[in-house]
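Before any comments, here is the structure.
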Amino acid sequence: MATESLVQDTKKLLWLFFWVSFFFWMLLWILFPTTAGEMLVVRAKRRTPSYVGDFGATLIVYSAPVIGFSIFSLLFLHLKRTYPEERFSSSRARAACRQKGRVKRLQNWMWTQPLLTRGPLGVATGFDILAVTVVLIAVAWIFFVTVVPELCLINVTPQAHLPGARQKYQMRMERSAGAFARAALLPLSLLCFPVSRGSPLLRMIGIPFQHAVKYHRWLGHLTLTLYSTHSILFIWVFATEHDASKLLQWPLTGISYISGTFAFATGVIMWLTAVAPIRRRWFEVFYVTHHLYLVFFAFLVFHVGPKMSAYTAGGIFLFFVDRFIRMVQSRHSLSLAAAKVYPSGVIELKLRKSPGVAYNALSSVFVNIPCVSRLQWHPFSITSSPLDDSRTLTVCIKPLGKWTKRLHRTLVASDSKASPSSCTFSNLLFAEGPYGHASDFYLKYDALLLVAGGIGITPFIAILRDLFHRHQAKERGLPRSIQLIWTVKRGSELVLLTDIFPPKRYSNATMHFECHAFLTGQDTQYDTGEVSLIHGGEPENEVTMNFPNVSGCEGSLSTVSATGNGLWIASLTAVASFATIFVMYVSDRSTSLQSPSGNPLSSHHVALLYFVSMLMGIGGFGGVVVLVWSILRNINSGKSYKSASVYDEEGTPASCPLPDRENVWQRNLLDNTNVMRGRPNIRKYFNAAAEWYRGKDVGVLVSGPASLQQSVAGECKAHYMSSSVESPFYFHSVSFDM
C-alpha cells in the first residue's frame, strides 16, 4: 500500500507538472506578438549572465518549457509502464480506470466521436477540430497583432518621411510579409512533434505516431502557405523597387535573402512531392525529397539568424533527439526467426527481439531488409500478442507495392527446404520500434466491433490473440463480446485466420465471439464455407522457412529505442539539452570577439556554431548516455538469453508450442467464421449491435481504406447523435495514416 500510494502521488505530480509546463509554453505564444512577450525575453536577459545575450534568453524562455514537459512526460510514462494500475488491487485504483462521470464522457466524446467524416480533414473527431481551430486562431492572433500597428503607423506617416522614398503600398506589403513570417513560427514550432515517432508529448496525450502524421501534414500545409506568402510578397516588393538583386545577396550581418530563397525553394519541393497523389504514386520520390528538411532548416536559420530560430528550437531539438535514438537502434542488425509465404501471397515474418522490448497489440515496427532495398524503411503492424512469446514478434505483409512484391519474389525463390547453417545476407534485417498506442485502450470497453478491409486485419489478429490470452488467464474487466467483420477479395486470404484459436479452445474463457468474412471478388477456389486450398490443416503451396539462431546471427530488436526506458530517454534529453545550451552560450559569447581580420563574426558563422552546438549536445554528450544505456542493455540481455533457449532444433519458438496438427482445423478461427459473398451492410451490424449492447460502451475499431473508415465513422456519428440509442459507439481508426 505504501508503494502504491507513493507511485500514484508521484504520477499525479508529474502529470500536473507536465500540463503546467505545456500550457505555460502555449501562453508564451499568445504573448509572443505583444509587448508583454518582448519584456519576458528582456527580463530573462537581465537575470542571466551577460554572455547569454538575446539568443540565449529567447532560447531559455521558449525552449525550457518544451524540454520540461518532455522530461516530465517521460518520467510519468516510465512509472506507468513499470507500475501499471492492474498491479494494484485497491478498489480506488481500479475504479479510477473505469469511471463514468461527466468529465470521462466528455473526454471520450472529444477523442472518439467523429464530427466530420468527409472533406479536406477526412475523418475528424472533436479533438482534431479543436486542435485545428486553436492553431488557426493563434496564428491569426500573431499575424494581426504584429501587422495592424505597423500598418496604422504607415498610414499616419507622411509620404516624404518614408525611408528611401518608398511608396506606402510597398511598405504595407513588406510589413505584411514580415508578419506572415512571424505567424509561421508557431506551426513551425509544432511541426516536428507529430513526426517524432517516440514523442513523449504524443504518448502522454494518447496519440500514436501513425495517426499523428496527419497533424504533421496539416501543420506543413499551414507553415508553407505562410512562408510562401511571405516569400512571394517580398519578391513582389523587390521587383517593384527594381532591386531584385537583393534576392542573391548574403551580407555578413542581418537578413540573408539568398538563404531565404533557397529555403523557400526547398520547402516548395517538399510541399509538392508530399501531395497525396504524388506521395502515393511515387513514394520513393516523396521519401527522398522529404529528407531536404535538413536543407530547409539550415537555410532558414541562415536566413533569419539563430535568435529568431530560438523560438522554434525546442520542438526541433526533441525531433533530433528522437532521430538520434532511432538511428542508434536502426544500426543494430537482427535476424529472422522464421518466414512464411501464404498461398494468398501474404508474407509472415517472425522477428527476434530482446525480452525487455515492450509493445502492445496495436504496435508497429519499421523494417529495412537490405537484400530487397538498402534505403527503404516500411512500417508494418505487429500481429502477435506480447503474451504469445517474449522472444519474438510477428508482422504480416501483403505484396502490393514494388518493395513488398520484390520481397515476395525473394522469399519464394529461396529454398524453403534449406536450413541455413551460417548467417546469410537474405535473413538479416534492421528494424526500429515498436511504436503505437501507449495503452491497450480496447480493454476498457464492454464490447468490441472490429471492421477490417483486406490486409487491415493485421492489427485485429494481434488484438484477438491478446484477448484470448487474457481470458485464459481469467483477467477481470475484459470485453465480453467481440464481432469481427472482414472484407477480402479472395477466399485464400482467409488462411490468416488459421493461426488464431478462438475462446472455445480454452476451458476457462467466457466470451461471445463472432467472425463474419465477406468475399468481394470472383474466387473459384472458395466453395460452401471451406477454403479448398487447405487440406488436412496444411496450406497448399505455402512457403515456410525457419532460421535457427546460429553464430553471428543472434541479433534481436534492441531495447534502446525511442519508446524504450523512460528514465534513460529523460536522462539523454536532459544531458543533451544542457550540453547544447552550454555550447550555444559559448558560441553566442564568441560573437563579441574579433576575427583575425578585425571584423565581427558574420551571421552565417554564428548559425554554423548553432548547428555544431546542437550536434555536440545530442551526438556527443547524449551519445555517452546512449553508450552506457547500450552497454547495460547488452549485459542484461546476455543474462536473459543464457537463462533459456529461445528456439528448438527446428527453429520453432520453444516457449510457444504449436497445437496438435491433427486437430488444428477443428480449432482455428477460420472454422468458426461465417463466410458470405458481397459487401457487408455496415448499418445493419450497427443497428443490431445497438440492440444487443444496450446500456454498454462499444468500442468500434476500423482498419482499412479511407472509404471504409468514412463509412464506419458515419455510422458511429449517426448512432451517437440519435437520442434513442443507449449504447454509444466509440470510434477508433487503427489504420496507418501515412
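Cβ atoms are placed via backbone N, Cα and C, with glycine included.
So that you can see what the record holds, here are the features copied from TrEMBL:
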DOMAIN    329-441  domain 'FAD-binding FR-type'
TRANSMEM  12-32  transmembrane segment
TRANSMEM  52-77  transmembrane segment
TRANSMEM  121-144  transmembrane segment
TRANSMEM  179-197  transmembrane segment
TRANSMEM  218-238  transmembrane segment
TRANSMEM  250-273  transmembrane segment
TRANSMEM  285-302  transmembrane segment
TRANSMEM  447-468  transmembrane segment
TRANSMEM  567-587  transmembrane segment
TRANSMEM  607-632  transmembrane segment
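If you count C-beta pairs under 8 angstroms between the transmembrane segment (179-197) and each of 12-32, 52-77, 218-238, 250-273, 285-302, the highest count goes to 218-238.
For the transmembrane segment (12-32), the partner stretch with the most Cβ pairs below 8 Å, chosen from 52-77, 218-238, 447-468, 567-587, 607-632, is 52-77.
With respect to Cβ pairs under 8 Å, the transmembrane segment (567-587) is most closely packed against 52-77, considering the stretches 52-77, 121-144, 218-238, 447-468.
Within the domain 'FAD-binding FR-type' (329-441), the DSSP-based counts of helix, strand and coil residues read 15 helix, 42 strand, 56 coil. By the Cβ criterion (under 8 Å, sequence separation of 6 or more), the transmembrane segment (607-632) is in contact with the transmembrane segment (285-302), since 3+ such pairs are found. For the transmembrane segment (285-302), the partner stretch with the highest count of Cβ pairs under 8 angstroms, out of 218-238, 250-273, 447-468, is 250-273.
Residues 346, 360-363, 380-388, 395-398, 400, 440, 478-489, 493, 496, 499-503, 505-506, 509, 511, 669, 682, 685-686, 689, 692-693, 696-705, 708, 712, 729, 734-735 of the same chain sit 6 or more residues outside the transmembrane segment (447-468) yet have a Cβ under 8 Å from a Cβ within it. Residues belonging to the domain 'FAD-binding FR-type' (329-441) score a mean pLDDT of 79 in the model.
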